[in-house]
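Scroll down for the structure; my scribbles are underneath it.
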Amino acid sequence: MLYSLAGGGTLCGVAALVLLIVSTSTDFWMQYRYSGSSANQGLWRFCINHKCHAHTITVAFWDATRAFMLLAVLSCFAGVVLGLSAFTNGTKNRRVRTGGIALVLSGFLALLALAIYTGVTVTFFGKRFLDWRFSWSYIIGWVAIILAFAAGVFQLCAYQRTTAEPAPSNNADS
């Protein structure tokens, strides 16, 4: 049972890691119209008419969103590595548990990042730009949160299953 739950958790963790990296690195968190032309915005830069520029102003919500997303990627990577190492080194219960905690933490950190971004976008940019919408990178971030939480829960359940099951007896039949 450990291998199926921990394996499922590790696969979900790998998918969450890939989606978190794609979501963090792309420039399509929000799309809007700026001076009649289409524009999109990511965590690191914004693009108008297919010309991209780095964010020149440092605003606390950008920094907080970036920091939480990067911490979520690192935590998810740690959870995946711990989950994989539990298979290569035998069933190390502590590694499965620690990997599950790291994956749940990753989901929580990404949730904080997207909550901050959502709050600022809706209250500030939603009033500034009339024709705007969240884009695919933002939606991928939410899918990654669900996968990271699921991966962590799978690994924590695998840990609970192995600690609850009694050890097999080594009675030699004489």
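Cβ coordinates come from backbone N, Cα and C, glycine included.
Keep in mind it's a predicted model, so treat the numbers as computed, not measured.
Summarising the annotation, TrEMBL assigns transmembrane segment to 67-88, 100-126, 138-159.
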In terms of Cβ proximity under 8 Å, which residues at least six beyond the ends of the transmembrane segment (67-88) contact it?
3, 6-7, 9-10, 13-14, 16-17, 20-21, 23-24, 43, 95-96, 98-103, 105-107, 109-110, 112-113, 116, 141, 148, 151-152, 155
Give the nonlocal contacts of the transmembrane segment (100-126) in its own chain as ranges (CB under 8 Å, at least six residues past its ends).
9, 12-13, 16, 20, 29-30, 32, 61, 64-69, 71-73, 75-76, 78-80, 82-83, 132, 134, 138, 141-142, 144-146, 148-149, 151-156, 158-159
